[in-house]
Amino acid sequence: MGIKFTKMHGLGNDFIVLDGVNQSIQLTVKQIQKLANRHTGIGFDQCLLIESSQTEGIDFNYRIFNADGQEVGQCGNGARCIALFARYYGLTAKNKLTVATKTTLMDLIINEDNSVSVNMGVPRLAPGEIPLLADRQSPEYSLELNNGNTVNLHAISIGNPHAVLLVENIDTAPVNSLGQQISFHPQFPEQVNVGFMQIVNHEKINLRVYERGCGETIACGSGAVAAAAIARLFYNLSDKITVHLPGGDLCIQWPCPTAPIILTGPAAFVYEGTLLS
């Protein structure tokens, strides 16, 4: 008997979601890589697995696997999908859930319009928490590239590592070439997601993201949060920022640097299926 799955997406950032509460699921790295292939598999940016939690106060364990099979600690778009998945399939009747990932806890609230608000926690800037190999914390870091040039960027953790670069025009930004170099740079020992941010006005930014283990995706929830946090901290943007990604818009609210940052956006069901092998 095969494993049932549901295809979902958040602004085009697409997933297969697996119910590990009612099914026993043990996928290998190679199996995930095969399933992620858009020509010979299902095709997705991440594989999401929801499991029962034995910890008081935590409703579910939320596990995230990139297309390369690597388990990671954060995915904001996936979190919104997990919330709707859990309620739709009767795993919970609650509209507010707490889930645990590999690295963090997340509070998820299903709103009346079926959008989901995600408490992404308090962003962290200390190099050791990102992680980034640097002598001290700084607003901006300089990385030497393969060709001998340097690039200046911000670095932040939203439960997973992010680099954010300010650009004049995201349409012409070298997202794949430069994004890959930065993502695999040895100063980021766990690799890094790379956001290319264009400030539109006091309340809006445009963003493209190169995700570690995936390449460029048309939406990245944690990347949107990382960019909005950097914009608020270092470029004096509003406490409520609209992040425009190729897949659509996300709303980020951050009242102050010591408060949790909140991501709100949609999630959608696409189809159900069964993994046969």
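We count from 1, first residue shown onward.
Quick reminder: no glycine exception, Cβ is built from N, Cα and C everywhere.
Here the structure is a predicted model, which means the values were calculated and not measured.
The annotation active site, proton donor is assigned in Swiss-Prot to Cys75. Swiss-Prot lists Cys220 with the feature active site, proton acceptor. The feature substrate binding site is assigned by Swiss-Prot to Asn13, Gln46, Asn66, Gly76, Asn77, Asn160, Asn193, Glu211, Arg212, Gly221, Ser222. The feature site 'Important for dimerization' is assigned by Swiss-Prot to Tyr271, with sequence analysis given as support.
Structure coloured by features recorded in Swiss-Prot.
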residue	record	Cβ contacts under 8 Å, 6 or more apart
Asn13	substrate binding site	Asp45, Gln46, Asn77, Gly78, Thr217, Ile218, Ala219, Cys220, Gly221, Gly247
Asn66	substrate binding site	Asp45, Gln46, Val72, Glu211, Arg212, Gly213, Cys214
Cys75	active site, proton donor	Gln46, Leu48, Ile64, Asn160, Gly221, Ser222
Asn193	substrate binding site	Asn160, Pro161, His162, Ala163, Ser183, Val209, Tyr210, Glu211, Arg212, Cys220, Ser222, Gly223, Ala226
Tyr271	site 'Important for dimerization'	Thr6, Lys7
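Each of the binding-site residues Asn77, Ser222 was assessed for Cβ neighbours inside 10 Å, and the highest tally belongs to Asn77.
Cβ neighbour count for the residue listed as 'active site, proton acceptor' (all protein chains, 10 Å cutoff from its Cβ): 32. Here the binding residues for substrate are Asn13, Gln46, Asn66, Gly76, Asn77, Asn160, Asn193, Glu211, Arg212, Gly221, Ser222. Their largest Cα to Cα distance works out to 17 Å.
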